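Report on one structure; see the data block that follows.
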2 protein chains.
Amino acid sequence: MFENTQKTEIANLGEFGLIDHLTKNIKLNLDTTIKGAGDDAAVLDFKDKKTLISTDLLLENIHFDLAFTPLKHLGYKAIQVNLSDIYAMNGMASHVTVSLGFSSKFPLEAIEELYAGMLLACDKYQIDLIGGDTTSSRQGLVISVTSIGYADESDIVYRNGAQEGDLICVSGDLGGAYVGLQLLEREKQVFLANPKIQPDLEGKDYIIERQLKPEARLDIVDLLKKMEIKPTSMIDISDGLASEVLHITKQSKKGCKLYEEKFPIDPQTVEMARDFGLDPTVCALNGGEDYELLFTIKQADYDRLKHDVDISVIGYITEENAGNYLITRSGNAHELKAQGWNAFKSTES
Amino acid sequence: MFENTQKTEIANLGEFGLIDHLTKNIKLNLDTTIKGAGDDAAVLDFKDKKTLISTDLLLENIHFDLAFTPLKHLGYKAIQVNLSDIYAMNGMASHVTVSLGFSSKFPLEAIEELYAGMLLACDKYQIDLIGGDTTSSRQGLVISVTSIGYADESDIVYRNGAQEGDLICVSGDLGGAYVGLQLLEREKQVFLANPKIQPDLEGKDYIIERQLKPEARLDIVDLLKKMEIKPTSMIDISDGLASEVLHITKQSKKGCKLYEEKFPIDPQTVEMARDFGLDPTVCALNGGEDYELLFTIKQADYDRLKHDVDISVIGYITEENAGNYLITRSGNAHELKAQGWNAFKSTES
């Protein structure tokens with residue numbers, strides 16, 4: 001989705017011209033950046049901190065649909081989903097590299113919008129964009145982002161540290177990004193069937209924003225530091241709660257009990273899910289793309305966060321042999337299964 | 001090009017199963033690796049060194065043609081071209097992340113071959129593979145590699161440090177990768193026209209290897225250290241000599257004179273270029289993909305490297321206003337132009 005009407009051919013700029021054009025507005029703000037874009041490699045200085053590295057690959061028609069995704073939002077989201085991985089280590093994200101592949105038929109202005117969204121995210125989260133690669137693609141838009149951050153070794157939180165009795169917490173609310181996507185896809189089909197019908201998205205801002213413009217939860221990392229709580233394990237929710245909690249219990253060699261009644265789900269998510277005949281709990285468990293933080297804390301830390309409305313305690317860690325279970329509102333126990341996103345099944349089968 | 005005949009469907013493994021399968025053979029060897037693949041981010045410890053980061057995006061039918069590129073070679077090359085960027089900073093490459101996008105119709109064994117080539121390169125260059133992303137692609141094979149390394153700040157060599165009078169040096173020889181590609185493409189066309197005709201590649205091993213299996217020049221970085229020579233500027237040759245030397249002179253605000261007669265070109269490259277009616281010098285200047293190191297040194301350092309057969313002095317740095325010139329064998333001066341690879345023009349125009 002591209003709204004700027006001016007169209008400049010990229011072939012006329014060439015690769016180096018394009019890179020110069022896109023990078024000339026990049027401001028480097030951080031002490032940790034010694035050298036940004038423009039050499040063979042960027043040079044960073046994390047002094048006595050450990051370096052954190054994470055990377056994601058986003059492909060058109062697999063991870064995003066340009067029919068309903070504004071390019072600026074897409075750029076913003078591409079950065080957020082990467083920063084989220086660094087925050088999930090309880091670290092501070094500081095730098096990103098961005099590689100783009102796109103058709104030479106893409107006008108320059110489209111790439112500028114994508115870049116503008118990326119730079120907006122960088123600006124908001126105090127991130128330096130320090131390099132990348134730009135190439136043509138015969139295969140739709142390709143976005144590869146690597147995020148870099150740092151942390152004191154003693155602050156780093158892995159997936160494998162959950163202990164029996166620890167409380168399982170989640171930030172924000174769940175399932176919204178998934179029902180937002182269902183809504184956007186439905187309105188796309190309506191539009192394709194009859195282009196005169198305008199999309200009906202009124203009153204659905206929240207779930208659409210959850211899908212199109214997620215925010216990585218730096219604020220939760222900051223909040224936990226302020227509360228002097230170091231989670232025992234942490235992961236971000238990209239593939240759905242079920243899949244992520246199973247990563248934690250598998251790597252921690254533990255089990256878990258989750259309570260359906262404790263799941264934080266926004267009323268708009270509940271309403272939209274029911275419109276689609278979906279169970280809101282299933283959307284929360286398997287929907288994915290919420291980019292909230294899922295973490296475990298010692299019971300002793302509970303008093304310090306129990307009044308925070310943005311963090312929900314949704315269950316606890318058990319011993320490994322007890323398995324992984326969801327306790328429903330009616331009191332039944334269902335074994336948790338990772339039904340998260342399987343890109344290899346969902347797209348071509 | 002894929003020779004293993006067994007075919008396992010990736011959809012049956014799922015994304016996590018695939019990642020587990022691919023990463024189970026990864027050995028982490030370095031003290032700098034605190035945590036590799038398997039969490040939200042990798043954790044590295046470079047102590048008092050600076051961190052170097054570089055990234056490249058490789059797309060099917062833009063950067064490689066699976067009709068004549070064995071997957072194992074492709075994996076090997078994808079790592080080498082990234083390491084090359086770290087060595088071009090006079091740094092030590094230590095880690096890579098690898099993101100892959102491929103059709104769900106790719107059998108597992110194909111991805112295993114690609115991975116085997118990557119791990120072979122990592123093993124040979126003492127690199128830890130510490131993470132990445134794996135997704136399906138509707139758009140052909142997508143490979144994104146980020147390389148990470150380190151250096152003492154005082155050792156880092158940028159593109160912008162060349163001084164008037166410095167000697168311009170290049171490692172190895174030039175143009176081979178380009179003529180190797182021409183040969184492979186010709187034999188592909190012959191094969192397509194008549195599949196009974198087998199490719200005629202006899203005696204062409206060197207230029208084919210230059211194209212399919214380049215080696216990043218860690219040995220040159222080591223050699224310069226041993227000789228106690230710190231280049232004043234350095235870059236790796238991915239887009240062709242002309243384009244790279246212009247990066248150095250532009251960023252150093254200098255000019256240059258290159259001497260055609262000094263260009264190191266392998267006899268096989270010369271012969272093949274002439275078969276194709278190409279000027280070997282033009283192949284060296286604009287061919288690209290040689291992954292040699294181009295660097296400048298102070299004249300005072302010349303005596304220390306003049307006997308090294310693997311390093312050629314091909315010209316010198318001038319003041320900026322003198323421009324950038326190639327002096328031909330016949331003594332004519334031609335202005336250097338970056339006619340390197342323009343992905344946006346070459347592929348869809």
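Every residue gets a Cβ built from N, Cα and C, even glycine.
If you look up TrEMBL, you'll see B:Asp40, B:Asp85, B:Asp236 marked as Mg(2+) 3 binding site. DSSP assigns B:Asp40 (Mg(2+) 3 binding site) to coil, not to a helix or a strand.
Every protein chain shown contributes to the tally, and the Cβ of B:Asp85 (Mg(2+) 3 binding site) ends up with 27 other Cβ atoms within 10 Å. In the three-state DSSP reading, B:Asp85 (Mg(2+) 3 binding site) counts as helix. The Mg(2+) 4 binding site annotation in TrEMBL covers B:Asp40, B:Ser54, B:Asp85.
TrEMBL lists B:Thr55, B:Asp56, B:Asp133 with the feature Mg(2+) 1 binding site. For the recorded site, B:Asp56 (Mg(2+) 1 binding site), the DSSP three-state label reads strand. The Cβ neighbour count for B:Asp56 (Mg(2+) 1 binding site), using a 10 Å radius and every protein chain shown, is 22.
Here TrEMBL flags B:Asp56, B:Asp85 as Mg(2+) 2 binding site.
In the three-state DSSP assignment, the secondary structure recorded for B:His63 (substrate binding site) is coil. What TrEMBL records for B:His63, B:Glu289, B:Trp341 is substrate binding site.
In the three-state DSSP classification, B:Gly132 (ATP binding site) falls within a strand. Within the same chain, the residues at least 6 positions away from B:Gly132 (ATP binding site) whose Cβ sits under 8 Å from its Cβ are B:Ala37, B:Thr97, B:Val98, B:Ser99, B:Leu100, listed in sequence order. The ATP binding site annotation in TrEMBL covers B:Tyr115, B:Gly132, B:Asp133, B:Arg159, B:Ser238.
The Mg(2+) 5 binding site annotation in TrEMBL covers B:Asp239. Its Cβ taken as reference, B:Asp239 (Mg(2+) 5 binding site) is surrounded by 23 other Cβ atoms within 10 Å in the chains shown.
Look at TrEMBL and you will find B:38-150 tagged as domain 'PurM-like N-terminal'.
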Cα separation, B:Asp85 (Mg(2+) 3 binding site) to B:Asp56 (Mg(2+) 1 binding site) (Å, whole number):
10
Out of the binding-site residues B:Thr55, B:Tyr115, B:Asp133, give me the one sitting nearest to B:Asp236 (Mg(2+) 3 binding site) by CA distance.
B:Thr55
Quick check for you: of the binding-site residues B:His63, B:Tyr115, B:Arg159, B:Glu289, which have their Cα within 10 Å of the Cα of B:Thr55 (Mg(2+) 1 binding site)?
none
Of the binding-site residues listed here (B:Tyr115, B:Asp133, B:Arg159, B:Ser238), which is spatially closest to B:His63 (substrate binding site) when Cα positions are compared?
B:Ser238
Per DSSP, B:Tyr115 (ATP binding site) is which: helix, strand or coil?
helix
Say you check the Cα of B:Ser238 (ATP binding site) against those of the binding-site residues B:Asp40, B:Ser54, B:Asp85, B:Asp133, B:Glu289; which is nearest?
B:Glu289
Which site among B:Asp40, B:Asp133, B:Glu289 has the most other CB atoms no more than 10 Å from its CB, taking these as binding-site residues?
B:Asp40
Given the binding-site residues B:Asp40, B:Asp133, B:Glu289, state which is nearest to B:Arg159 (ATP binding site) when distance is taken between Cα atoms.
B:Glu289
